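What Swiss-Prot lists as domain 'GAF' is 235-360. Per Swiss-Prot, the feature domain 'Histidine kinase' maps to 360-577; the stated evidence is sequence analysis. Per Swiss-Prot, phosphohistidine is recorded for His387. Taken from Swiss-Prot, the feature transmembrane segment covers 4-25, 45-67, 87-109, 116-138, 153-172, 184-206.
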Amino acid sequence: MLNLVLMMIERVGLIVILGFLLSHIKTFRRLLHKQDGYVDKLKLICIFSVFTIVSNYTGIEIAGNTIMNENWLQGVSSSSTIANTRIMGVGISGLLGGPIVGIGVGSIAGIHRYMLGGTTALSCAISSILAGVITGYIGYIFKKYNRTITPKFSAILSVFIVSLEMIMILLIVEDGMSIVKTIAIPMILVNSFGSFILLSMIQAILRQEENAKALQTHKVLRIADKTLPYFRQGLTEESCKHVAQIIHRFPGTDAVSLTDTEKILAHVGLASDHHIPSHSLITGLSKEVLHTGQIMKAKSREVINCQHEGCPLQAAIVIPLTSHGNTIGTLKLYFKNPNQLSRVEEELAEGLAKIFSTQLELGEAELQSKLLQDAEIKALQAQINPHFLFNAINTVSALCRTDVEKARKLLLQLSVYFRCNLQGARQLLIPLEQELNHVQAYLSLEQARFPNKYEVKMYIEDELKTTLVPPFVLQLLVENALRHAFPKKQPVCEVEVHVFEKEGMVHFEVKDNGQGIEEERLEQLGKMVVSSKKGTGTALYNINERLIGLFGKETMLHIESELNEGTEITFVIPKKVGEEEQIVKSISS
């Protein structure tokens, strides 16, 4: 009996090794956590059936009290029986996979055992199927009530199931008592012990994975929580510096770097002497990620392709930062030892990049909301601005005495102007024709106040009037020209507005022949709010930020000016017709 126990323990070791190898396969672990439909259950049936078939083939053939064959079995003589660990695989499959998996594995194990033959072939086949049914429904009940199946419970259940198999042998096999006396105790001991070990090992590996994921999730969430206030400011050198410092404080990386599409925005850690913020990108890996938009990793200096000799960074993972589907920068985690770049670090970097991309999109949406609110406030202020309103009313009042029809038309233009203010304040994009109506209404009011002072010429391609543009853009540029471009005594004040299509882009030009802008002030306009006696430049800054936020940096304002010659403001936007709803959704998402 002792020899039989020792031999069967060897078979248990083989099954445990097989289970250990399978437990390190990601697909197998996922199937144990969750089975989505019958395909996943079929996969589990196939996997655990391998356990039971191996158990059958590695069983020990016994005739009476004599061990006949302890090698790989091809068949069993009609007078012999088998002592094996088949019940281990059937029991574990039912407990972890439920009734369908348990019955499936039990049936395959039973049929295979019956085909091997021997005096106990039928009783073992029936007991295998019963084992699958019993363990499957027990596993289902435990899962239904959210109870954990412990290895100890699995061992006790194995004692019961092997005992049931012994009862089947007594009922079906002639002279079953002698067989039971020989194999009962070894099979009960070894199968219960094997079930305990196998389930303990599988659960330990699953717990280890869950703990690693929990730790990683906690780490990512802590980093995300600390970096959120900075990414609300956008992808700037100042915000990226704080973000890189936060990530570097967490153990695991030797250096952290963030870039936009052109230059290094921040670098903290090793190699700070040549990975310098504001400098152009120096690694080929970063350029490739920006070009492809794909995650890339390197485990050698040659693959990183740093141009600086003696760079200590030997491994890296570079992840694209995206906004609305466009790659706008990269997050780079560097290591001085290639072995540090594990799968855990890769998943950490991927998780951070996704969260950072979301934070950048939220920050951009927040900025767009603020800019739209600013535009709305400006529009509302224009409605109740007493000077603007009084001047318009006084002009209409004066015309009532001399030209009633013109006064009536001017009142209509005033209503159009206010209506455009209200509509534009509630939308991100409007048809160009609506914006032109706004401009025309404003010009009618100004030209009525100052007859023959301003000459505004508009050259608009008719097919572009349905193109979607941000509200207040042209109106504010024209208003800005009339208010600030011309000295009081300039005799002829000319403004030209050109809108035309070129290479799939809509080009806008607003020119004047005014006094021009000083070079120092010209460099600041559109990029920041500038305090001066001539104005703050808020309108140009608002327009510029809205254009960049909606369409990207390539649509920013370009301002050219010469003193006493005039100023020209140009910008381009993609040609979009009838897509306002989709564009608004993409900006707000």
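Cβ coordinates come from backbone N, Cα and C, glycine included.
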Problem set entry | Contact set, same chain, for the transmembrane segment (116-138): CB under 8 Å, 6 or more residues outside the stretch | 52, 56, 61, 73, 75-82, 86-87, 90-95, 97-107, 109-110, 157, 161, 164-165, 168-169, 171-174, 176, 179
Problem set entry | Sequence-remote partners of the transmembrane segment (45-67) [C-beta within less than 8 Å, at least six residues beyond its ends] | 3-4, 7-8, 11, 14-15, 18-19, 22, 28, 31, 73, 76-77, 79-86, 88-90, 92-93, 97, 100-101, 104-105, 108-109, 112-113, 116, 118, 128, 178-179, 182-183
Seminar exercise, completed: Across the domain 'GAF' (235-360), DSSP labelling yields 47 helix, 37 strand, 42 coil
Seminar exercise, completed: Across the domain 'Histidine kinase' (360-577) the predicted model averages a pLDDT of 81
